[in-house]
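Asks: Here it is: the structure, laid out below.
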Amino acid sequence: MTPLQMVTAASSVSFVILGLVCLIQKKTGELILELRKMPLYYLLMGLINPLIYYLVLFQAYKLLPASEAQPLNYTWAIALSIMAALFLKQSIRRRDWVACALGYFGVLVIATRGNVLELSFSDPWGVTLALISTFLWAGYWILNTRRNADSVVSLVLSFGLALPILIVASFIWSDWSAIPWQGWAAVSYVGLFEMGITFLFWLKAMKTATNTALISNLIFISPFISLLLLSVVIGETIYPSTLVGLMLIIFGLLVQRIHFRRKLKP
């Protein structure tokens, strides 16, 4: 499957799943009301996510090994700090700059497979696309702060408005006739878990947790679990430089979250 076909098929699955959740939770009235209020806003959101974001991300995964592309994707939180400063006029703290330096040095280590001084990139275009995807994702969440609508409603509208564009584009620029069942199974999995119910489970966990900070810190464990699965299940080679770069990125994210307290003089 091409990246365009993958986004189209996976988005279709996600739209159906999220739409069913909307029906079960009796949010169709809110969905219609939101669409009437801000149709262009939700169209823009849909163009960013799923359309452009996942097209860029899947193309990056096509060019790079998943074990390299996946850690780069975790720099979106650092990209969020930069974009919040540019578009929301939020000040960048000293620890944000430290996080940027550590995170993007980690990116450099992964992208060059440890040959930092030679600046020999494994795939410059793939790395560029992976980093662009982080800014698209950060931009999506910044735009998301403009509305206080229900998260499920927002996602259904975004996917629903992007889907017709994706379907038309995929039939114009790709051929659907020779796709094996394994391809359909893979995109169904992505649509169901990567882009669908996993997000709902995360929201539920955040709402019901007694300690939200503890739940949100699980983000630091997930990339290492992903690398383990990529190595064991798919058989990808995990380069030492990938682990070093990922640790730098994670350390940068941790620095962003640490609250330093000044010692009081006796």
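Glycine is treated like the rest: Cβ placed from N, Cα and C.
TrEMBL lists these features:
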DOMAIN    2-111  domain 'EamA'
DOMAIN    125-255  domain 'EamA'
TRANSMEM  6-24  transmembrane segment
TRANSMEM  40-61  transmembrane segment
TRANSMEM  73-89  transmembrane segment
TRANSMEM  96-113  transmembrane segment
TRANSMEM  125-143  transmembrane segment
TRANSMEM  155-173  transmembrane segment
TRANSMEM  179-202  transmembrane segment
TRANSMEM  214-232  transmembrane segment
TRANSMEM  238-255  transmembrane segment
Asks: The transmembrane segment (238-255) vs the transmembrane segment (96-113): three or more C-beta pairs under 8 Å (separation of 6 or more)?
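Replies: As far as Cβ distances go (cut-off 8 Å, pairs 6 or more apart), the transmembrane segment (238-255) and the transmembrane segment (96-113) touch.
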Asks: What average pLDDT is reported by the model for the domain 'EamA' (125-255)?
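Replies: PLDDT averaged over the stretch: 84.
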